[in-house]
Structures are given as C-alpha cells and as structure tokens.
Amino acid sequence: MTILIKNNNLQQLLSSWIKLSYSYTISGIQSDSRLVKPGYLFCVLKKKNINETNKHMIHAIKNGAKIILYDTKQKFKNGTLKKIINHVPIIYFFKLSKNLPQILKKYYHFENNFTLIGITGTNGKSTTTHIVSQWANLLNVKIGIMGTLGHGINNNLKKTDNTTESSANIHQFLYHMLKQNIKTFAIEISSHGIVQHRIEQLPFKIAILTNITPEHLDYHRTMDNYINAKKAFFFKYNINTLIINADDLIAKTWIKKLNHKNVITITTKDQNFNSISPKKWIHANKIIQKQNCTNIHFNSSWGHGILNSTLIGHFNVINILLALATLLELNYPITDLVKVCKYIKTISGRMEHIHIVNKPKVIIDYAHNTNGLKNLLSTLKEIFNKKKIWCIFGCGGDRDKTKRPYMGSIAEKMSDQVILTNDNPRNEHPLKIIKNILSGCKFKNKIRIIPNREHAIKFAVNNADKEDIIVVAGKGHEKYQIINNKYYHFSDHKIIKKLLNKKNYDFN
C-alpha cells in the first residue's frame, strides 16, 4: 500500500497566504458542507445567495468543522476574523476559489508518480473515460475514474454531483485511490470545471479532446467563451501529451499551434490525415457498421489492426480511437488491445440497447444537446435504414434555451414520430419548454406532446411496431427527474424494462 503523508499543520499550510494565530491540526479539507467531518477545514466558496452561504457554514460546523475560510474579493480583509460561531473561527481569505487548488496541492503534496488523464469535449467524455477503464481492466490493470457516471474503479462507482467534481473532492479521490495502489486515473473535464479553477494544480500527463460543438451557452454566453474554456486546458496547462480528434473542425485548427507538444491525432477522414501529417497518429481507413457491432480497420504510428466492438455509431468509433491512442501512449501492447476490444461493454445510458423478442428495440442515450441528438439519430437512420424511428426527448429547464428549437428541428427531420416530454424541467413550466422546442418544427403532425415522461414512453412502446426503433434521449443513466427543483426518483431504464416485460402495464 502506498504511504501518503498530509500536511496537517494549518499555520504551515496557509503560511504563503495568511498568518494564523490559531495553532490547529486539521484532519481534512472540504468545500462541500455535507462531506465535512470532525477536525476539517471548511472552505466557503461564496454563492450569490448569502442565505445559502450561511446555511452551508452552519451545516459544516454541525458536522465538526474546526476552522472556516471565507472567500472574499477584498484584499484588505485577507486573514482577518469575520466572526466566531460555536467556538469555530471564520477567517476571510482573499480569492479563496482561485487559491484553493494550491492549498490542496500543498496539503496532499502528492509525489508525481502516477498518470492523470483529463478528458474534455462536448460529447463523448463519459464513454471515452469508461472505454479507457474497461480496456485496461481487460488487461488486468485497474484505472480510477471520475465523471458523470460516478467515481471509483470499473463498475464499483460512487455517485458524483458534477461531471467535474470540486477541487477538494478530486484531490480526496486521488488520495484514497493512491492508498489502494491505483496509479492511473481518467477524469472527465467540463468547461465549468476549467473556468471555476477546479482542476488547477493537478499533475495531468495526458489531455484528450473528443469534439467541440455548442453547449452550456446559458453559462458561457457565447460560443467563443465556451471554446476558449476548452482551449485553455490544452494551451495554458502544463500537459505534454495531447490526444486530439482531428475530425473536429475546431480542434483541427489547434494542432499546428501545439507542435511543440507531444500531439497525437486520431482521424477517420483521409483528407484530415493527409493535411495534418502528425508525428503520432491513428487513422481509421475502413469502418464497417452493423446493427450490433462495428469493425474498425486502422493504421497507426504504433502499427495496424482491426478492432471489433459491440459499440455502434461513428461517434463511438472516435471514442474508441481516442481510448486506443491513450493506452498505446501508455505502452499497452497493440496486439493485446486489439485482441480484447470486443469485450468492451456498452456504457450505461450511452447508446444502450434494450430488446425483447417481438417488442420494439429501445435505445437509451444521454444525448441532451443539438449535436448529440443529431449524431444519435443519424447513426440509427444509417444502421437501421428501413425501420421507423420514434424519438422521445425534452430539454432541461433553467439551461441553454437557444438549443431547444434546433433540437426540435433535428428530431422531426430525422425521426418518423416525435414525442416531446419532460427532461428535468426544474423551475420552468414544462409546456413553456416544449413550446420553445416546437418553435423549430415545421411538420407538427408527426409530433405528440406528452409531458409525463413515463406516459410518453408507454405510448411509444404500446403503439410502435415490433420492427420499430424507439429512442429515449436526454437522461441516459440518470435516476431522477427534477421538477420545481425537487428530485424525484425516475429511471428511463427501469420504466422501459417494466413496460417491455408486461403486456398490460398500469401506471403507479
């Protein structure tokens, strides 16, 4: 077992920023009040709502926080006492959000003897992360993963709140995994995580880019801001090995500007491969897609081979090639990787098939943005080209509203039947969201509105022919529905299995 020693002396830990008169030994650091334990340093990263901030402080104190650092933008307050609650001092800390990663780095002081992989992009982060993990596991190597589907090893994952967790949670995860002698980690990197400093001070060895298309414009405001957030991970972080999908138009423009780094490109297009001329590369020169598998013929700077995979869709070809490049760069033998590729399983809620004899095939997918839905439906039209496609989807409330009409347009053009339903409406009225989606649709005769998601799925299952394809998009692996900001248990997977197994299904 790896021996790790934390820097628990608080005065010493914070000496670069503030001088404390409090001589404390801490047992941990957290920015989430729910995860605070006795003896912890709690870091209050200020929220817009001051009542929420105070509520988190009280919660942290009840959980045993020993001392609290309180974020401030006023430099003159740095290191001064804000107040004391129940014998717990609350100290102002200038730009705590920005400095917290550095404090955590000093607290854990990891030796640089492990491999940390960061995977970013609009779509495909979870799938690529899990392919890397599964593939390595098939060759008897365990990889710690952290992202949308959870954190841990292989199928033994614990729930995460965000695609990219807080800086405190990431460091804590690495610490516990290193104690178990895990030496390689793959972490999903969101644009929010980059902008909010959550991944700063982490010793990334490899950065992977899946693709860049419009997303999170409610947060970033413009596409340029979103692109620049992703770009920062490759240009501003000290990461030497960069693995890039050269089929992506935006990513392709970055490659020559990064020629001072160890850039590895993957591509499925001959013209892209010929125009880039990279030092390290993988080029899929022939792709055969079937209804239940994909064959990928590839050449590379490591050698050539044929990958057989049960994952379908061109976007999954990209994800597989990115994972392949990662493992080849980490010196996994190409022959072994080719041999075991066929055993990689479908990732939960990502192009996941549920099929029972004499019933329509149902596909669950997390596609929740314009490009994701387009790729999903175009793949199904190509592979199941003579079958009728039903598309059930909605758009999240209190999120990017600009994508709604585009998603409506894509669904009606690429599906035979469309059912608009709820997908985490949050604080928005469900019918208002559906109206926004409908504004992009021209042929409303093929569209049905059933806000209750369970009812929508039931309607499709009961009315689709056994040869039809039903696509349930947007929620994927999620096991909840958010309505009026309350979480209700809901699983597409569970509902579909129940419906397909029962002829006469009654709603609860």
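Each Cβ is built from the backbone N, Cα and C atoms, and glycine gets one as well.
Feature annotation from Swiss-Prot assigns ATP binding site to Gly121, Thr122, Asn123, Gly124, Lys125, Ser126, Thr127; the stated evidence is sequence analysis. Taking a C-beta cut-off of under 8 Å and a sequence gap of six or more, Thr127 (ATP binding site) has these contacts in its own chain: Leu311, Asn316, Asn319, Ile347, Arg350. In the three-state DSSP reading, Thr127 (ATP binding site) counts as helix.
Summarising the environment of Lys230 (N6-carboxylysine), the number of other Cβ atoms within 10 Å of its Cβ, over all protein chains shown, is 23. Among the features that Swiss-Prot reports, N6-carboxylysine is placed at Lys230, with the record citing sequence analysis.
Cβ-based neighbour count (10 Å, all protein chains) for Asn424 (meso-2,6-diaminopimelate binding site) stands at 24. The meso-2,6-diaminopimelate binding site annotation in Swiss-Prot covers Arg399, Asp423, Asn424, Pro425, Arg426, Gly474, Glu478.
Residues or ranges marked as motif 'Meso-diaminopimelate recognition motif' in Swiss-Prot: 423-426. Residue counts for the motif 'Meso-diaminopimelate recognition motif' (423-426) under DSSP, split into helix (H, G, I), strand (E, B) and coil, are 0 helix, 1 strand, 3 coil.
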Positions whose Cβ lies under 8 angstroms from the motif 'Meso-diaminopimelate recognition motif' (423-426), at least six residues beyond its ends: 368, 393-399, 433, 453, 474-475, 478, 480-485
Using Cα positions only, nearest of the recorded positions to Gly124 (ATP binding site) (Lys230, Pro425, Arg426, Glu478): Lys230
Integer Å distance between the CA atoms belonging to Arg426 (meso-2,6-diaminopimelate binding site) and Lys125 (ATP binding site): 24
Sparsest-packed among the binding-site residues, when each Cβ's other Cβ atoms within 10 Å are tallied, from Asp423, Glu478: Glu478
Rounded Cα separation (Å) that holds between Gly121 (ATP binding site) and Glu478 (meso-2,6-diaminopimelate binding site): 20
Largest tally of Cβ atoms lying within 10 Å of a Cβ, found at which of the binding-site residues Lys125, Arg399, Arg426: Lys125
Distant-in-sequence Cβ neighbours of Ser126 (ATP binding site), under 8 Å, six or more positions away: Gly147, Thr148, Leu149, Glu188, Ile347, Arg350, Tyr366
